[in-house]
Amino acid sequence: MFYLLFYRIQEPFALFDELYDKPWLRAGPYFIGAITGWTLFKTNCDLRMPVWGKIIGWALSGGIMIAVVYGLYPGDLTVTTSSIYAALGHSAWAIAVAFIVVQCCTGSANYVNSLLSLRLIYPLSRLTYCAYLVHPIIMMITSMQMDGPLHLHNGLVLILYFGNLVASYLLSFCVSVTLEAPIVNLLKIGLDSRKRSR
């Protein structure tokens, strides 16, 4: 079982339950994010890093992200490579993102921070988590509507991706307007009334 589990990592949906669905497989990125947030909170976002450290950090961060995204590209992976990717891929991505977050919070990445803080993407950023929660429903509906197998190629995958992306954000907007926003407003009203009563 162990051999089959990691040898077939290049088959994205064959091992969904074993490699994606379990909460303990996300513990590494969770703890990396929690430690990063705690460190930024405790230091009041006042971390100093030498210039050579920033250069090395940006190079490593970019290299890690490229390796995680394109590391499976050739397709014929050995058992060892598949095992390393499955064990460390998510945590490596979290470390790379954590470095970028630290650089943005400490004011060392002005261009990246201004790009990530654009007013244009602010509404979409409010819907991102909801879109993450509803996109499996959209993908399931899409796959259930197909009456035969698909012969995947880059163009078709691109069309399916953008269709699912737009549908996920439209559904997340509806969910946010009907559920999330009213509940958040009620919580704000409740918290404000508590503060006034004290």
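Quick reminder: no glycine exception, Cβ is built from N, Cα and C everywhere.
Keep in mind that TrEMBL annotations are predicted by a computer and have not been checked by a curator.
Residues or ranges marked as transmembrane segment by TrEMBL: 55-73, 93-112, 124-146, 166-187.
Using a cut-off of 8 Å between Cβ atoms, the transmembrane segment (93-112) and the transmembrane segment (124-146) share fewer than three residue pairs, counting only pairs 6 or more apart in sequence.
If one looks beyond the transmembrane segment (55-73) by at least 6 residues along the same chain, the residues whose Cβ comes under 8 Å of a Cβ in the stretch are 9-10, 49, 85, 89, 92-93, 95-96, 99-100, 103.
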